[in-house]
Amino acid sequence: MSTDTIPSLSSPPAPEFPSTTPDTATSPAPSQPSIIGPSSLAPFPETTTNIDGGSRNVALTGLITGVVLGATFVLLGVCIFVCFYKRKKRKLKKKKKEDIEASINRDSLDPKDDSNNLQQWSSSEIGQNLFTYEDLSKATSNFSNTNLLGQGGFGYVHRGVLVDGTLVAIKQLKSGSGQGEREFQAEIQTISRVHHRHLVSLLGYCITGAQRLLVYEFVPNKTLEFHLHEKERPVMEWSKRMKIALGAAKGLAYLHEDCNPKTIHRDVKAANILIDDSYEAKLADFGLARSSLDTDTHVSTRIMGTFGYLAPEYASSGKLTEKSDVFSIGVVLLELITGRRPVDKSQPFADDDSIVDWAKPLMIQALNDGNFDGLVDPRLENDFDINEMTRMVACAAASVRHSAKRRPKMSQIVRAFEGNISIDDLTEGAAPGQSTIYSLDGSSDYSSTQYKEDLKKFKKMAFESKTFGSSECSGLTSDNGQNPSGSSSITEGQRTTQEIEPEKNTKDT
């Protein structure tokens with residue numbers, strides 16, 4: 001076989017492999033390997049992801065901001081509304097009070113305006129029952145004289161029966177009386193907020209045009225004045241006198257020390273102490289009463305109160321405080337002890353016409369030697385408990401001291417009656433009549449002699465006046481106006497309201 005026909009065996013061409021030796025002159029430097037995968041993987045669309053997340057954040061932030069702003073605006077609106085409402089309410093309250101004061105100071109009343117103003121003020125501030133004039137007219141048989149209990153300087157008192165059968169005493173103030181309007185306001189402001197078994201209860205009121213009426217609980221057994229001083233009355237037993245004294249003292253102690261603010265009665269007297277069938281005492285007639293917030297700065301330019309019961313400091317300074325009430329209750333105690341009136345009507349200008357001046361030397365003697373002859377009501381015929389009499393005389397003596405700040409508190413009087421403190425604690429070692437200082441600032445230039453001179457001046461002015469009047473509420477239980485307090489004589493315990501300016505014999509505090 002020739003060689004031409006034999007295919008030649010040749011090696012296949014060697015494959016070409018890229019060179020593993022980099023050309024440093026032309027090849028770029030190798031990059032660092034990626035930690036998340038091969039370099040050939042497509043990158044995440046970072047730009048698109050940032051846009052979506054930002055939108056969600058903006059939306060969430062906007063939502064939170066809207067909620068916060070909305071809540072803030074709502075809260076702010078509520079605060080503004082509350083502030084505006086309270087401010088408006090204060091203005092309305094102030095305006096109502098100003099309207100009342102304006103109506104009080106006017107000589108003639110505008111029935112339409114004053115009725116509306118007083119009704120709005122009373123119903124919102126007092127909260128007592130509001131009666132119509134027709135209700136009360138029907139209850140008293142058209143204010144018949146047969147139902148007349150008594151009358152005073154500013155009105156009449158009738159017995160009445162309400163629709164539900166409740167027996168009441170209805171005080172009708174004289175129309176157009178400025179003082180009567182003041183007393184109406186004082187009564188509903190004072191007695192509507194005090195509640196005590198020894199204070200008469202106010203059941204409601206009526207305002208119709210110029211008519212002003214007050215509705216009280218009916219106290220059936222008349223007044224202390226009636227039982228002590230009315231002619232042909234049986235002698236009041238000592239035990240009943242003691243019970244009445246304790247009850248009246250408790251009622252006054254409540255006004256002075258348990259009320260907030262404390263209340264000064266300013267017309268404590270036997271005619272204003274009502275008695276029920278059990279001979280429990282109820283203090284009545286708050287027409288002159290004031291809270292301590294008023295009396296701290298108030299100087300009266302009218303003679304307020306009742307002659308024979310007025311405290312010495314009032315004759316000089318024109319101020320009445322709780323210690324003035326204490327003096328007045330001391331006079332009532334002397335009436336219970338002696339059976340005498342506070343002023344001797346047969347000697348209205350005598351030096352010793354006052355029960356206080358008459359009784360002081362006798363009280364000194366009685367407390368020193370235990371001899372009550374000449375001091376105690378002879379109608380008792382020595383039928384009394386000697387220990388109770390000693391305590392009552394000691395209470396009376398301490399209460400009528402000329403020095404107002406040395407008079408005891410009413411709570412001390414109550415404890416002394418109950419035997420819970422000694423007489424020495426009550427009297428503080430001072431005999432009746434020893435103290436002539438009365439002024440609260442400690443000055444000593446006002447004596448009992450000067451007091452008598454001032455009191456004479458007051459009496460003379462009241463006798464010459466045609467406008468003085470008595471305590472109308474003292475007739476709450478007296479029949480047909482026969483209660484002596486309804487007479488025109490100030491020597492029988494007459495209240496007067498003549499305008500004067502008391503002389504300032506001491507420094508006013």
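Heads up, the Cβ atoms here are built off N, Cα and C, so glycines get one too.
Since we're looking at a predicted model, the values are computed, not measured.
Pulled from Swiss-Prot:
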{"type": "BINDING", "residues": "Leu149, Gly150, Gln151, Gly152, Gly153, Phe154, Gly155, Tyr156, Val157, Lys171", "note": "ATP binding site"}
{"type": "MOD_RES", "residues": "Thr132", "note": "phosphothreonine"}
{"type": "MOD_RES", "residues": "Ser300", "note": "phosphoserine"}
{"type": "MOD_RES", "residues": "Thr301", "note": "phosphothreonine"}
{"type": "MOD_RES", "residues": "Thr306", "note": "phosphothreonine"}
{"type": "REGION", "residues": "1-44", "note": "region 'Disordered'"}
{"type": "REGION", "residues": "468-509", "note": "region 'Disordered'"}
{"type": "TOPO_DOM", "residues": "1-61", "note": "topological domain 'Extracellular'"}
{"type": "TOPO_DOM", "residues": "83-509", "note": "topological domain 'Cytoplasmic'"}
Pairwise CA distance, Thr306 (phosphothreonine) versus Gln151 (ATP binding site), rounded so that it is a whole Å: 16
Restricted to the topological domain 'Extracellular' (1-61), the mean pLDDT of the model is 53
How many whole Å apart are the CA atoms of Leu149 (ATP binding site) and Thr132 (phosphothreonine)? 21
Out of these recorded positions, Thr132, Gln151, Thr306, which one has the fewest other C-beta atoms within 10 Å of its own C-beta? Thr132
Simplified DSSP label at Thr306 (phosphothreonine) comes out strand
Across all protein chains shown, the one of the binding-site residues Leu149, Val157 with the most other Cβ atoms within 10 Å of its Cβ is Val157
